[in-house]
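Asker: Supplied in structure tokens, the structure appears directly below.
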Amino acid sequence: MAQDSGTRTLISQAQLRRGKGRFVYWSLLAVVVLGFTLVFIGPLYWMVTGALKSGQEIAQTPPTLYPKDPNFSNYTNAWQNLNLAKLLFNTFYYAIGAVLFQLVFDTAAAYALSKLRPILGNVILGAMLGTLMIPAIVLIVPQYVTVIDLPIVHVSLINQPLAIWLPLVANAFNIFLLKRFFDSIPEDLMSAAQVDGAGPLRTLWSIILPMSRPILGVVSIFAVTYVWKDFLWPKLVMPDGSTRTVSVGIVAFSGGSSVNEIIAASVIAAIPTVIIFLIFQRNIMSGLTAGSVKG
Amino acid sequence: MATITAPGTTEKLSRSTTASRASARRGRKVRDNLTGHLFLLGAVLCFALFTWYPMIRGIIMSFQKTKRGVTTWVGLDNYTRIVADPSFWPAWRNTVYFTLLALIIGYAVPFFVAILLNELRHAKGYLRVLVYLPVMLPPASALFLFKFYAYDPSDAGLFNAVLKALHLPTSQWMQSPTATMPAMVIASTWMNMGGAVLIYLASLQNIPGELYEAAELDGAGLWRRIWNVTIPQTKLILGLLAMMQIVATMQVFIEPLILANGAGTQDSATTVAYLIYQHGFYQNDLNGAAALGVITLVALAAFSAVYLRLTTKND
């Protein structure tokens, strides 16, 4: 039997193909596919259909598997009562801004550190990477104090989108990821551009960026999902009902609303990130492992 | 350019060109450094404003007190006040308990899930998408799902319905002080394990198959192969993720806030991160919160130092 040693894992292919091994493999596969669907899709199914049930049906024992008399009033009520259109728009606006700010400032910084290499560049990179070891919660109080009264200019960024956009630029992981990618772009291309009379900005724009599309895509997707998922920081710096993000809004409303409405709102809040994931899952998964060390 | 603008005798030409070349090189070097720093400026300003400066400011704040706009130095007052808070020790106990539980559940489970998925040759893409799906949900959405549907203390709750169908005792979940922490870890693991699974999978795929083959020829069974081949081969990534997980679990905040309405029954859900939030933004005690932040940072740094010492010694 031909055995491909390249794909050999814990258990050999040969063993899996033999009578007993084959049976065990297929039953295991069936159990895993079924079990995983139940564990990871099951709760989401419960959530989407639960919000279609009446308050009476949701409190019923044993619970019903599907809504007996589905009605969308929980969804429409949540949409209106929480002003979800505004909350979703805010979140989307902050997410797009975060992408632009990160792409402009972080790629510029990574480009400088990778290709222009100004003096003290490595010291600056070290100081940036050092912040990765500091848990965000430790900095939350002094960061908040800084945002309500910026040093020197004495301006408050509360309820200003910049309060979300600017701190996200200080992302050492992004800069490191981008720098590593730029490092792999051959130096010859850079000198060729220089001979042709291209300045640093021109080289970045017409040579580096077009070659870096995959990594830029990954950074953008992560920025969007980060803003969509973040909770404590937007809660602190966007306290007004009209500037809130969708996660903060749902939690703020959870006190006085019915369970089914809160769940319906949670479903609506989750739809954009789930759609992004289903479209870009390949990029997300490759980006996730690109930054990690090979073990 | 300099060579064109410097005509003359050969002797003169060579002297003037070397001189102007040197000055041009020096000029370009200064200019390159300047453009380099110009490109760095935006990011460096953001780092300075939102991480470097707050780090120092947090330490300074922890020794100060601001009353009616007047800031004074108060020594260790904030520290003694924060340690005397009746929730201080429960918060640390809960955070360490959460971290340990998360290491047993949230750390071992993704590793074995990754080993399992690596052995399967079908439905690979589907299973990976499934495992990562919860990571994409906003935590608030996912936690409301757990709070209202899974951890409903009546028999209508998802978990209790399953337990009842299996004829096992049901639980009060978030209303029971002993079940609170395990319930929070289960929800947190479900939400976050996708990332770890995918990173493990990538490193499992780098293990050379010959190692397993050799182990098998030596008569190593399934568990021995995991213990003697899989684990040593993924040691680096296992160590890295353990460290990342500990830093992440030190910051557990949204789980107690949503699942247990904050502190939970008898402080059973209070975490250090929640206590920082509570002092800073609820009791308006920013200085106390800053002091707790410094304590957390010192504790984590001490832990990291010990961890690094232990792990590098073994190599």
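Backbone N, Cα and C atoms are what each Cβ position is placed from, and that goes for glycine too.
TrEMBL entries are annotated by machine, without manual review.
Per TrEMBL, the feature region 'Disordered' maps to B:1-24. The transmembrane segment annotation in TrEMBL covers B:34-53, B:96-117, B:129-150, B:181-202, B:236-254, B:289-310. Annotation comment: TrEMBL describes B:92-307 as domain 'ABC transmembrane type-1'.
Please go over these features one by one and say how buried each is and what sits next to it.
Answerer: Panel annotation: around the transmembrane segment (B:34-53), no residue of the same chain lying at least six beyond its termini places a Cβ under 8 Å from a Cβ of the stretch (none).
Packing against the transmembrane segment (B:96-117) from elsewhere in the chain are residues 124, 127-128, 131, 181-182, 184-186, 188-189, 192-193, 196-198, 200-201, 204, 226, 230, 238, 241-242, 245-246, 249-250, 252, 271: each is 6 or more residues past its ends and has a CB under 8 Å from a CB in it.
Residues 58-59, 61-62, 78-79, 81-82, 243, 246-247, 250, 272, 275-277, 279-281 of the same chain lie 6+ residues outside the transmembrane segment (B:289-310) yet bring a C-beta within less than 8 angstroms of a C-beta in it.
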Asker: Is the transmembrane segment (B:236-254) packed against any residues at least 6 beyond its ends, judged by a Cβ distance under 8 Å, and which are they?
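Answerer: Residues 95, 98-99, 102-103, 106-107, 111, 139-140, 143, 184, 188, 192, 196, 199-200, 203, 271-274, 277, 296, 300, 303-304, 307, 311 contact the transmembrane segment (B:236-254) from elsewhere in the chain.
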